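Comments concern the structure below.
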Amino acid sequence: MQQRLFKILLSIGLLLITSLGLGFGYLIHLHTQEFLDAEVASLHQGIQERVTFLDEITQREDTYLDQRLQVLLPNIYRLLTADQTPLAQVSLDRLFLIKNMYAEYGQLDIYILDPHSNIIQTTNPKELGVHLASYGTFRERIFDRLQTQTLYIDRFSTSAVEGSLRKFAFYRPKTSSDYTLEISIDFYSYLEKRYSKEYTELFKPSAFNTFVQTNPFAYYIDLYLVKAHSAFSLIHQNHQMSQENIRKVQALGYLEKQEGNFLKVYQLLKEANPDEILGHTLILETEFNLQNLNRLRNALILGSVLLSLALLVMMLFILRARLHKDFIEPLTQLKSNLEQLSQGHYLLSLPEFKYEFKDIAAAFVQMSHAVQARELALLEARQVLEQRVQERTLALQEAKSYAESLARTDMLTQLPNRRYLEEHFEYLIRDQNTYPLTLVIFDLDFFKKVNDTYGHHLGDQVLIHVGNLGSSLIQAPAMLGRLGGEEFVILLPNMHKQAAWILMDELRIHVSQTPVYVSGQPPIYVTLSAGVVTVTQKEKTQASFKHLLRCADEALYQAKASGRNCVRLYTPN
Ligand SMILES: Nc1nc2c(ncn2[C@@H]2O[C@H](COP(=O)(O)OP(=O)(O)OP(=O)(O)O)[C@@H](O)[C@H]2O)c(=O)[nH]1
């Protein structure tokens, strides 16, 4: 039982620990996820603030530069073509000369574009020969506008070739001119010149790396300026973002991609209508290395499971000990008491129990006493029952023997009846020592007359009287019985016929001389006639009760025929 209980407890405990471990694990997982989300959000928030600030500065400077460039571009054109040199043939030296004149703008570059948007001369040699019309909507945006106006100042934008943030301005002396003058101002170097270096540091791509350094999980960040379907990296220049990601981030605003321990997050920082000339979409890309975080989370989960396991083992041991003391021990004690009770030991000495076992023990003792009392009562009842059974058996035996005696007794005279006489004859005839065996039958003479004269009742008294007289003359094993009516039979073992004749004659005389006295009546005298038959041992094989009765009856008939009141011996013819 203890083992089973322990197994049940162990199963419950294991279930508990599994759920506890899983619960803890889930909580830790949620917590780390929340923590990570908060870190991601704080990083993005910081970048967003910086970008918003940059955006404000950009817009302000854009307006300011627009005003200045409207004056600057015609001036540069005039300076370049002062000696009547056609724009298409301005020398590189001249370009650099002019460029250096405007050092206050920081990194300023001058370009001369041919009618097909090719850069044919520039202070930025990297871009020489670049066909600008192949970049996005350059021709539609700029060249088409210059068909109707001579000056077009573009927004701040990334350089298609370098990816740096620049302000672009275009000028044609006449709308019909073939060649175009373009200048670009590097935004960061412009800011450095206009403000201070510390100030511009905030917006430089390298400054964004501080976000990576200060965030525990950040691994890599980039900002993309999206033009139509191309994205230009502002931090890691020349870096590209896939078309698929651009579309997804534009549609969802936020996108997360997990690859092993690395998490990439894309967030739309600024969305603009691509149809608007100044519209730029800004997408932030951040990448986080979660290796340490995952390791920490796994260690925490494992730790919590191990701790719960240790707690469970401890709890189980304590519980088992308590269980044994508070539950198993009293139960074992009660079990042994029950065994004692089943063996009939009622005087139980129960030890001190605790808790509910105290009540159980009390009830148990009560039950024991009740059982004891009931058993005693049962014992007594059994004794009474046994006594009654004995009494009833005795009564039954008596009733039986009474019934048997009734079955063998003539009710009127209380003498053996014909059945008893026959049984006794069978007994005597089987015995070797009863021969010669004599059977006498006697009959009252003219008994009808007695009945007729004195009534049947007095006739009965006469029959009883004669029976009594006969009984007084014989002793067992001889037997006198009433055959029926006024006929009687006497069985006389060990008696010769002469002796029997003498005995019967004695009875005849005795009857004839002993009247029946009934009050108010004269004495009633009766006589009897008798027939005697004797069987020797030799003759016993032919002898039966019926046969001897018939023989004796013949002798009786002789006696009747001889005038009655006499005894005749049977003589076979
Ligand atoms: N009171 C009384 N009478 C009985 C009983 N059994 C038989 N009797 C009568 O006994 C009488 C017998 O009559 P019988 O057979 O004519 O013989 P009997 O008158 O004795 O004449 P014999 O035998 O020829 O001397 C009848 O009247 C019977 O009714 C009995 O139990 N009680």
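Quick reminder: no glycine exception, Cβ is built from N, Cα and C everywhere.
Lifted from TrEMBL, the feature list:
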- 299-319: transmembrane segment (TRANSMEM)
- 325-376: domain 'HAMP' (DOMAIN)
- 435-572: domain 'GGDEF' (DOMAIN)
Beyond a gap of at least 6 residues from its ends, the CB atoms lying under 8 Å from the transmembrane segment (299-319) belong to 6, 9-10, 13-14, 16-17, 20-21, 24-25, 28-29
Taking DSSP helix as H, G and I and strand as E and B, the domain 'GGDEF' (435-572) has 62 helix, 33 strand, 43 coil
Per DSSP, the domain 'HAMP' (325-376) contains 40 helix, 0 strand, 12 coil
